[in-house]
Amino acid sequence: MRDRLKDPVKIFEINKGKRPVHIAAPMVRYSKLPFRQLVRDYNTDIVYTPMILAKEFLHPKGRYFDFSTNDADASLILQFGVDDPVILEKAAQLVGPYVDGIGINCGCPQTWAIQEGIGSALLDEPEKVHKLVRAVKSTLGESFCTEVKIRIAKDLNKTRHLMQVIEKSGADIITVHGRTRQDRSSFPVNLDAIREVRPCVQIPVVANGDVKSLRKGLEIAKYTETQGIMSARGLLENPALFAGYEETPWGCVERFLWYSTSYSLNFHLFYHHLTTMMGQMTTKRERMTIPKDSFASVMDWLDEHFVVRRPDEPMFGESVLPCRRY
């Protein structure tokens, strides 16, 4: 039985009128269990899995490869890439007992996703989105948290209509990415668009795009009048973002090392996470010397250059600044 207080809807209720809910975005490859555990240590309220293809999730090998969790992995929303309500019903039935919510991806702009009829291809099919929401609700119950993530359209009336369809379908949360599916990630997020469409529904709306710091996120929430803020790249660079740190604290790196070994994170993902979060505490030249062959060799490199505390040592995971060895 999942903890009712970890229900994403309950979290929005608890924070109403206080502060926006802090959310770690679904990131392909990167939103794995060790990273989810890490950002929770730093004031992240809700975390997502990477987008998982629902049709692959129906196969045991697909589930094993894409999804792992534990009792501490809450509040957790699993995001599906899906266009078939029947497949979604089956996938929801399999995963329902192990998550706190299911998200439906209607925002992925990648060409392959659009060709598959998932992600932002669904922005043009409100009726299908309605059926997908109903598939989750009919399978897991009306009280089970269901979220839909969308992008804005060039015609905001189209976005408003889709949001209203989503709300009437019974969804509990809508996340709005402030770029169109044609916009590159380097294109500035359109906060005015999020601000304009938010009042068209009564359920919580989350602003997504360019949340690179807590300060920036709070400014976005205030301007758009949204109830939540979602960060992706900002959290990759600084998993302690929602705790107010402007740069990754050293203790965050120590915790990440521990979680990665505890949950056997894929080495290539581990390497990318580590070098990204150490971007502001090391030079590019230094990072180029970090070994690329094994976790053990990376640990040797870190121990050679920094004081790295282990979980059984005082001040593990608490330091702000790294202590270098010279």
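The backbone N, Cα and C atoms fix where each Cβ goes, and this holds for glycine too.
Since we're looking at a predicted model, the values are computed, not measured.
The record from Swiss-Prot ties PRO26, MET27, VAL28, LYS149, HIS177, ASN208, GLY209, ASP210, ALA232, ARG233 to FMN, and of the options GLN79, GLN93 it ties GLN79 to that site too. Around ARG233 (FMN binding site), the C-beta neighbours below 8 angstroms that are at least 6 residues distant in the chain are SER185, LYS212.
In sequence order, PRO26, GLN79, GLY103, ILE104, ASN105, CYS106, GLY107, ILE174, THR175, HIS177, ASN208 are the residues of the chain that are 6 or more apart from LYS149 (FMN binding site) and have a CB within less than 8 Å of its CB. Comparing the recorded positions VAL28, CYS108 by how many other C-beta atoms lie within 10 angstroms of each C-beta, the top residue is CYS108. Spacing of ASP210 (FMN binding site) relative to CYS108 (active site, proton donor) is 16 Å (Cα to Cα, whole number). Secondary structure at ARG233 (FMN binding site), taken from DSSP and collapsed to helix, strand or coil, is helix.
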